[in-house]
C-alpha cells in the first residue's frame, strides 16, 4: 500500500546512513585501522568506544519500532507533516532513535579526534587525515540535527510551536537546521572513502607517499570548510532572495575544485608504472572514480539555482544523491574489504 511504501522509504534513508555506512565505514573501519596506522594498541578512550557501540543497539531497536508502528513522513521529516498527531507514534520512536545514534557518533568522533591528535604528523597516511576531518564535521553538524528533532518532539508532544505556522512558528526553520546537518553528512560519508581510495592508489603505484600529499590534505580541508556553509542549496525553491541563492550556488560550485584535485591525483597515481591491470581492486577504484564523477557532475548541475527549479523533486536529484552515496560510499566499503581482507583474517582472496 502507499502507507507501507512511505514507511519503507522513510526508514530506508535513515537505516542506510546511520545503521550501515556510519557504523561500517566510520565506526568499524576506523576502530580497526586507526590504531594500526598510528602505531597504537587501541583508541585513546576505549570505554567511551564501547559505550558508543552499545548505544547503537537501542538506537536500532527504536528505528525498527518506528517501522512497526509506521513513520511515513520521509527521511527528512519536514514539518508540518511530521508534527501532526495523525502521523503516529512511530515518528517519535524514529526521532529518539536518531538521538541515540547521534550521541553514539559524537562519542566516537571525540574518541577519533583525541586518538588522531595524539600521534598525527605530516607523514601519516591520508586515511588518518580523512578520519580527522570526518570527525570534525560530525562534531559540528550532529548537535544541530539534535536541536532540530528535539524541537520537533516538543512541537508534537508538549504544545510548543517552533515549526507550527498557526502558533507563530516557521516550518522553514527546520529545513535550515536539517540541511545544516544533512549536507555535511554527505561529506562525512564520502571523506573516509576518499582516504581509502587515496591510500590504495598510493599502494598500487608502488610509491612511498601519495602524489600531491599536501594537495590532497588541503583539498579535504577545503571540502570540510566549504561543505559546512552551502546547506541552503537544498532550499532554492523555498523563496530565498536572489543574493542568498547566488552565494549558496557559487560556493557549491567552488567545491568542485578541491574535488577535481583529488580525482586527478588518483588518476595520476593509477597511471604510474607500478599499476597492474590484472589487480581486481584497480577496477573497483576505477569504478568508484567513474561513478563519483557522474555524481559530482550532476551535483554541479543541481548547484545552479536556475537549473534547480527544473530538477527539483525529480528523479535527477535522487540519481545524483545515490551516485555519490549508494555507488560512491558503498564502493569504497567494498574496496576496503577487498584490499584489507587478507590483513584482517590472515587468508588472501583467490
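From the backbone N, Cα and C atoms, a Cβ is placed for every residue, glycine too.
Annotated domain 'Cytochrome oxidase subunit I profile' per TrEMBL: 1-350, in sequence order. According to TrEMBL, the transmembrane segment annotation covers 12-33, 53-78, 90-114, 126-154, 186-205, 211-231, 243-269, 281-302, 314-341.
Sequence-distant neighbours of the transmembrane segment (243-269) (same chain, 6+ residues past either end, Cβ-Cβ under 8 Å): 194, 197-198, 201-202, 204-205, 207, 210-212, 215-216, 218-220, 222-223, 226-227, 229-233, 236, 275, 285, 289, 292-293, 296, 299-300, 303-305. Packing against the transmembrane segment (281-302) from elsewhere in the chain are residues 190, 193, 197, 200-201, 204, 233, 252-253, 256, 259, 263, 266-267, 270, 275, 308, 311, 316-317, 319-321, 323-324, 327-328, 331-332, 334-335, 338-339: each is 6 or more residues past its ends and has a CB under 8 Å from a CB in it. Contact between the transmembrane segment (186-205) and the transmembrane segment (314-341) is supported: at least 3 Cβ pairs lie under 8 Å, counting only residues 6 or more apart in sequence. The transmembrane segment (314-341) makes no contact with the transmembrane segment (90-114), as judged by fewer than three Cβ pairs under 8 Å among residues 6 or more apart in sequence.
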